[in-house]
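These features come from TrEMBL:
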type: REPEAT; residues: 135-169; note: repeat 'PPR'
type: REPEAT; residues: 278-312; note: repeat 'PPR'
type: REPEAT; residues: 313-347; note: repeat 'PPR'
type: REPEAT; residues: 383-417; note: repeat 'PPR'
type: REPEAT; residues: 418-452; note: repeat 'PPR'
type: REPEAT; residues: 453-487; note: repeat 'PPR'
type: REPEAT; residues: 488-522; note: repeat 'PPR'
type: REPEAT; residues: 523-557; note: repeat 'PPR'
type: REPEAT; residues: 558-592; note: repeat 'PPR'
type: REPEAT; residues: 628-662; note: repeat 'PPR'
type: REPEAT; residues: 663-697; note: repeat 'PPR'
type: REPEAT; residues: 721-755; note: repeat 'PPR'
Amino acid sequence: MSSSTPQYPPLNPSQLIQTITTLLSSSKSLPKSTLKSYLPHLTLPIIHSILSSPTLSSHPTTLFSFFQWSQSHIPSLSTHPLPFPALPPLLSSLLSHRKFKIAKSLLLDFIPSDHPQHLLHRHLLHPISSFPQPSRDLLDTAIGSYCQCEQPHLALQIFKKMKRLRMCPNLLTFNTLINALVKYPSTHSVDLCNELFNDVIKLRLAPNTNTFNILIRGYCLVYKFKDANGLLNRISEFGCVPDNVSYNTILDGLCKKGRLNDVRDLLLDMKGKGLVPNKNTYNILVHGYCKMGWLKDAAQVVELMTQNNTLPDLWTYNMLIDGLCNEGRIDDAFKLRDEMVGLKLLPDVKTYNTLINGCLDNKRSSEAFDLLEEMNKKGIKCDEFTYNTLIKWYCKEGKVEKAREVIQRMEEGGLCPDCVSYNTLISAYCKAGNLSEVLRIMKRMGEKGLKMDNFSLNTMLHTLCQERKLDEAYELLSVAHTRGYLVDAVSYGTLIAGYFRCGNMEKALNLWDEMKEREVIPTIITYNIIIGGLCKSGKTQLAIAKLNELLEKGIVPNEITYNTIIHGYCWEGNIEKAFQFHNKMVENSFKPDVYTCNILLRGLCREGMLEKAIKLFNTWIDKGKTIDVVTYNTLITALCKDQRLEDALGLVAEMEEKNVQRDKYTLNAIIGALTDAGRLKEAEEFMSNMTEIERPSDQRLQMDNREHELTAESSHELDPSSIAYSQQIDELCAEGRYKDAMLIYAELTQRGIALQKSTYFTLIKGLIKRRKSVSKAG
């Protein structure tokens with residue numbers, strides 16, 4: 001005779017609730033077999049009543065076990081973590097018996113499903129009288145749970161309620177909250193965290209070193225190093241001591257911004273506090289030096305590591321390989337990879353990614369694809385960076401369709417294209433003038449829940465500046481700032497460069513002042529842009545003032561900085577000052593390169609100082625320094641103008657001996673001089689012997705495609721229906737009806753109707769405006 005679950009007489013809901021409540025309260029463990037007999041009669045309201053029973057509130061473990069059992073046996077419960085009405089009583093029971101871990105697991109299950117109603121959050125802020133009032137423990141646990149669910153703005157509101165009630169969160173919860181806010185993409189996050197810190201001090205919560213480390217990291221993320229250093233000095237006031245993490249965080253930020261003078265000062269301060277640099281410290285320094293191209297200094301740090309019994313790890317080698325690749329020393333990078341293998345440090349996906357990127361950047365694509373094969377054979381899976389590197393290379397080569405195929409392969413391999421993937425495509429289509437594709441990608445990013453980051457913004461700013469639409473670019477910059485984008489030095493630098501390019505120095509300088517007012521820290525690249533703009537505007541002395549400013553801030557100038565100022569003096573015809581500045585900078589470790597030589601050479605030739613130019617040329621060669629086709633062409637052109645044709649022809653022969661490829665400028669200078677001298681036959685022979693310079697076929701095809709796109713776009717812009725639809729969309733956007741505008745755009749896309757270029761910009765700006773500002777979200 002087969003056994004079966006006993007069936008009990010039907011009970012009304014009230015009797016069923018009472019029976020199960022009594023059964024659960026009298027059992028030491030969950031009576032699963034008995035409960036199973038009541039299963040056909042259990043509905044959500046009945047389960048809710050059981051979970052809310054005052055009798056069972058003193059049995060939190062049994063209550064939670066019953067809930068889990070119900071979830072696994074009742075389909076409607078398995079698709080929803082818990083009906084809201086049952087949650088507050090269950091949480092109250094669990095927390096009153098200090099079952100924090102179980103309570104938090106319930107919250108983490110419930111919070112994602114509570115969007116967008118936010119029933120729990122509303123109850124926590126404005127309690128419903130029929131439910132147990134939220135306790136300090138519940139509010140505290142909820143803050144951590146909302147942070148873990150990536151909703152720190154909701155956690156912040158709960159903290160503010162605790163503050164009003166004079167309830168103090170525990171230290172771990174507070175640290176979790178400020179850590180989540182620091183990660184939150186907002187320009188106000190750090191100021192907000194500082195405000196919260198002052199609030200908890202008033203609530204008599206004692207911070208620990210980790211609290212300060214989180215705040216320091218927040219300041220460093222927005223490059224407020226002065227404030228970060230200020231916290232280091234304040235930490236002792238609260239009975240805390242800075243640790244390696246405190247210093248390493250600031251060191252990392254300074255290295256990333258190239259402020260190596262400040263790095264040295266901070267290291268001295270660190271040692272003065274009795275802290276010994278650890279592996280992370282050394283690796284940060286290696287990374288900083290490699291980023292600046294100071295590979296010898298990076299190698300010295302590695303030597304110092306080994307002397308202090310700290311062995312370089314995979315991360316250290318990856319940084320050194322990256323530094324070598326950035327300098328174009330690919331063969332040395334491969335040797336270092338082999339050295340790693342000898343030390344039993346197996347190259348990882350980062351190592352391969354760095355080498356692949358280095359090979360592609362240095363026109364060694366066949367080796368890059370060999371490395372991809374090697375990865376496959378060794379079972380090292382490609383990651384997002386690998387695919388993004390390939391996408392970037394294909395876009396750079398003008399093979400955008402190939403880049404799209406990589407995105408498809410990426411998705412087939414189980415990886416999701418990220419902002420970098422799409423932003424690279426956006427950049428490529430912007431350069432090609434294909435704004436309809438830009439809009440399509442930005443729309444797709446929104447559908448995938450990907451936020452358009454400041455890279456997208458900067459790409460659009462660059463495109464607008466290239467189109468000389470500077471008013472639209474400035475408007476986009478202002479809108480982005482109010483919508484919570486982290487408008488950075490690149491954003492401002494792009495627009496400043498645009499103003500200088502259009503000859504509007506006043507607006508460029510005003511924007512520079514605005515950038516500083518908004519506490520956006522300029523990088524060496526931003527300084528190079530303003531120095532370059534001032535020099536081209538004939539304001540080299542103002543450029544020198546900017547050079548002194550960046551030096552005072554501890555930013556290390558690079559060759560571009562020095563070459564730009566030398567070029568500025570030459571442009572003004574002040575050759576003497578150019579050489580004085582050059583000599584002074586050489587004394588300060590500036591290493592002149594071929595660009596320096598070409599600038600000075602062109603300046604001398606332009607001012608008619610040909611003999612001095614020849615002397616500089618010969619001195620440069622005697623020192624074994626690199627010269628290029630521009631060097632030769634500058635001197636050849638000057639010699640031809642001075643009717644020293646034989647000397648010019650001698651340099652042409654020298655170019656051939658040294659395998660320096662002659663170009664159209666060489667041809668024009670020599671042919672012109674021979675023709676002027678009446679040596680027509682020699683001119684014809686020179687022309688026939690000159691190697692024809694042709695564009696690569698794929699580049700020519702790309703240019704043809706670009707021409708076709710522009711022609712096609714122009715023809716569409718002349719279409720009356722395109723103009724009418726464009727105006728309609730512009731009007732909707734002006735009224736803030738972006739959703740309606742996008743619906744019309746989608747319909748037009750299906751019908752193959754293009755829009756005016758300005759309308760695409762309007763729609764793209766609309767997508768940015770639709771993103772709620774962070775202050776609103778908070």
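Backbone N, Cα and C define each Cβ position, glycine as well.
In the repeat 'PPR' (313-347), helix, strand and coil residues by DSSP number 26 helix, 0 strand, 9 coil. Below 8 angstroms of C-beta separation, residues 349-350, 352-353, 356-357, 360, 365, 368, 372, 375, 424-425, 427-429, 432, 448, 698-699, 702 of the same chain, each at least six residues beyond the ends of the repeat 'PPR' (383-417), sit close to that stretch. Outside the repeat 'PPR' (135-169) by six or more residues, the chain places 91-92, 95-96, 100, 103-104, 107-108, 111-112, 118, 120-121, 124-125, 176-177, 179-181, 183-184, 192, 196, 199-200, 203-205, 777-778 with a CB less than 8 A from a CB of the stretch.
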